[in-house]
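*Asks:* Below are the structure tokens for one structure; questions will follow.
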Amino acid sequence: MTKAGSKGGNLRDKLDGNELDLSLSDLNEVPVKELAALPKATVLDLSCNKLTTLPSDFCGLTHLVKLDLSKNKLRQLPADFGRLVNLQHLDLLNNRLVTLPVSFAQLKSLKWLDLKDNPLDPVLAKVAGDCLDEKQCKQCANKVLQHMKAVQADQERERQRRLEIDREAEKKWEAKQRAKEAQERELRKREKAEEKERRRKEYDALKAAKREQEKKPKKETNQAPKSKSSSRPRKPPPRKHTRSWAVLKLLLLLLLCVAGGLVACRVTELQQQPLCTSVNTIYDNAVRGLRSHDILQWVLQTDSQQ
């Protein structure tokens, strides 16, 4: 087998206007670099070669308008084949293609397509039709584009669905993580509160013990004088109302004097004296008055009025 550069020869020598014919060149590789240097070659014929794949940089030949890849051994097209947005005519007759890349839907300029003699997927084969004449090949291009757009839309929906599933899964995971973090925060908060409460109780207990220790010496000092005082003889309580006692004693003394004078005036020889005569008269009147209860009634009346 021959490499692309050898039997391809000087590509400029094969260029006829805008057409470049590399058919029947026994190529097993596409000379992409040489082709990229010929942007005028908008019509490229690579039919009847031994190509099994197209390199990804082949899709950079966006100047291509007509491309003939018939009668090769292509099993698949590059994933970004849709970059050939100026392509209008595409011949894929007699290859080994089963499916087309989803990007095929981006070939909006495609007007003609031939997919005969390929082991196509049954659905794609039915869409493509027979391509027996010009009209059917044009219909094939239109129908395949519509089909690939539908496939692309389905894949996009599936991609969005998977993205949504992934987002939902991520949201659930994030919610689970937030719940876990909240639970951990709550646990730490509760532990901190319990630790604070424990320390507060210890502090209160320490203060209470300190207060008890401060009270004990006071009790001992209060009890010590009591014990000493119990051993000593009790002192008589101080006299109160000393002045009242003096007045009372004076009154008693006066009464004794009066009583003594009265006795002397009544019993002794002094009763004949003028002073004793007056005293005896007063005494007799007083006795008579008491007997008539006048003084007693006067006292009672005075008490009732008060």
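The backbone N, Cα and C atoms fix where each Cβ goes, and this holds for glycine too.
Straight out of Swiss-Prot:
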type     : residues : note
COMPBIAS : 175-221  : compositional bias 'Basic and acidic residues'
COMPBIAS : 229-241  : compositional bias 'Basic residues'
REGION   : 175-241  : region 'Disordered'
REPEAT   : 10-31    : repeat 'LRR 1'
REPEAT   : 63-84    : repeat 'LRR 3'
TRANSMEM : 245-265  : transmembrane segment
*Asks:* For the repeat 'LRR 1' (10-31), how many residues does DSSP put in helix, in strand and in coil?
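*Replies:* Across the repeat 'LRR 1' (10-31), the residues distribute as 4 helix, 6 strand, 12 coil.
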*Asks:* I'd like the per-state residue tally for the repeat 'LRR 3' (63-84) from DSSP, helix first, then strand, then coil.
*Replies:* 3 helix, 3 strand, 16 coil
*Asks:* Helix, strand, coil residue numbers for the compositional bias 'Basic and acidic residues' (175-221) per DSSP?
*Replies:* 47 helix, 0 strand, 0 coil
